[in-house]
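A.B. asks: Supplied in structure tokens, the structure appears directly below.
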Amino acid sequence: MTCTIVVGGQWGDEGKGKIISYICEKDKPSVVARGGVGPNAGHSVEVDGKKYGIRMVPTGFPNRSSKLAVGAGVLVDVDVLLKEVEMLKEFNIKDRVIIDYNCGVIEEKHKEMDKSNSHLSKEIGSTGTGCGPANVDRAMRTLRLAKEFDALKPFLGDVSDLVNEALENGENVLIEGTQGTLLSLYYGSYPYVTSNDTSASAFASDVGIGPTKVDEVIVVFKSYPTRVGEGPFPTEMDVEEAEKLGLVEYGTVTGRRRRIGYFDYDLAKKVCRLNGATAIALTCLDKYDEECHGLTNYDDITEKGLAFIKEIEEKVGVPVKIISTGPELHQTIDIR
């Protein structure tokens, strides 16, 4: 039995979707439970050359034996969820998704409020998905819950019971986080943050398990960190430099161009401390050194790539255990 939490180490877009899907294929967890704020974060998963962008369904969906749970701490957009269930029907999603009875539900009024608020949309750079206003209503105890919506009835369940019973039965559980620690309402660069905490502790709470149940915390870092929206970015490079390095990316949810920077060892160390990291997953090593593209053996990593990995381990103090060398699941080095 192991309970593993996967958390973003930067401002989101670190490649958590690929890492989570890989771990699901390798470790075969019986339950993949999603924590995080809501549909304001997108994950990209590539399966057999086809790319899927999802915002509600847990990214462990390619593993057909896993139950896919959305914890009570997560906000649900009914339309987004139903569209994803339909989009992923070849993976038998409909019979595997469990939405907690007590998930809060984002309604159209929340999205309108999010988009019309100039402070959120222009100064903060909100995604406009209604999460912030919905969380305000939750705090005011006026937000409607999943159990009140007929469209969600086929998916309803008690996620906390599901996760805890799986662990008690000696099964593997994976808890997937969204966004990144540096967007945390409490530990990020306030006010340029999301509307809730995005640390490993928060994700455990979102799905209803206590801290003593967690065995592993894997923090995901991208070799070149990115950020969508406003806010400080200490190691940000200019657009010309990013283009010269071939680093042009766009957000899964907003479609906005991502700001790109150099790896920040000091912030990485702080993030690992905040999350109690037991391991690091490093993505886009092939962007740092294109000769590493597609590698699956640690001993084949180039001198340049290996030096980068060793520098991270020395300066951050946490071992790099999973390395992504391309978008496909098999383009991964795993030394856990």
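Residue positions begin at 1 at the first shown residue.
Placement of Cβ uses the backbone N, Cα and C atoms for every residue, glycine included.
Annotations for this protein, taken from Swiss-Prot, read as follows:
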- 12-18, 42-44, Arg258, 284-286, 324-326: GTP binding site (BINDING)
- Asp13, Gly42: Mg(2+) binding site (BINDING)
- Asp13, Glu14, Gly15, Lys16, Asn40, Ala41, Gly42, His43, Thr127, Arg141, Gln179, Thr194, Arg256: IMP binding site (BINDING)
- Asp13: active site, proton acceptor (ACT_SITE)
- His43: active site, proton donor (ACT_SITE)
- Thr252, Val253, Thr254, Gly255, Arg256, Arg257, Arg258: substrate binding site (BINDING)
A.B. asks: State the count of C-beta atoms found within 10 angstroms of the C-beta of Gln179 (IMP binding site), not counting that atom itself.
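C.D. replies: If we count other Cβ atoms within 10 Å of Gln179 (IMP binding site), we arrive at 27.
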A.B. asks: Which ones, of the binding-site residues Asp13, Asn40, Ser44, Leu285, Thr325, have a Cα no more than 10 Å from the Cα of Arg258 (substrate binding site)?
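C.D. replies: Correct set: Asp13.
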A.B. asks: Taking the residues Asp13, Glu14, Gly15, Lys16, Asn40, Ala41, Gly42, His43, Thr127, Arg141, Gln179, Thr194, Arg256 listed for IMP, what is the greatest CA to CA distance in Å, to the nearest whole number?
C.D. replies: 34
A.B. asks: Going by a 10 angstroms cut-off between Cβ atoms, which of the binding-site residues Gly15, Gly42, Gly255 has the sparsest surroundings?
C.D. replies: Gly255
A.B. asks: Checking the contact step here: among the binding-site residues Asp13, Thr127, Gln179, Gly255, which have a Cα within 10 Å of the Cα of Ser44 (GTP binding site)?
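C.D. replies: So the list reads Asp13.
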A.B. asks: Under a three-state reading of DSSP, tell me whether Gly12 (GTP binding site) is helix, strand or coil.
C.D. replies: coil
A.B. asks: Spatially speaking, which of the recorded positions Asp13, Gly15, Lys18, His43, Leu285 is closest to Arg256 (IMP binding site)? Use C-alpha to C-alpha, please.
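C.D. replies: For Arg256 (IMP binding site), the closest Cα among Asp13, Gly15, Lys18, His43, Leu285 is found at Asp13.
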A.B. asks: Using DSSP and three states only, what is Gln179 (IMP binding site)?
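C.D. replies: Reduced to three states, the DSSP call for Gln179 (IMP binding site) is coil.
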A.B. asks: Among all the protein chains here, how many other CB atoms are within 10 A of the CB of His43 (active site, proton donor)?
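C.D. replies: Result for His43 (active site, proton donor): 27 neighbouring Cβ atoms inside 10 Å.
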A.B. asks: Which binding-site residues (Gln179, Gly255, Arg257) fall within 10 Å of Gly12 (GTP binding site) by Cα distance?
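C.D. replies: Of everything listed, what lies within 10 Å of Gly12 (GTP binding site) (Cα to Cα) is Gln179.
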A.B. asks: If you count the other Cβ atoms within 10 Å of each Cβ, which of the binding-site residues Lys18, Arg258 comes out on top?
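C.D. replies: By the 10 Å Cβ neighbour count, Lys18 comes out on top.
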A.B. asks: At the Cα level, what's the spacing in Å between Thr325 (GTP binding site) and Asp13 (Mg(2+) binding site), rounded?
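C.D. replies: Rounded to a whole number, the Cα-Cα distance is 16 Å.
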A.B. asks: So if I measure Cβ to Cβ from Leu285 (GTP binding site) and keep only same-chain residues at least 6 apart in sequence, which ones fall under 8 Å?
C.D. replies: Ser223, Cys292, Leu295, Ile301, Gly305, Phe308, Ile309, Ile323, Ser324, Thr325
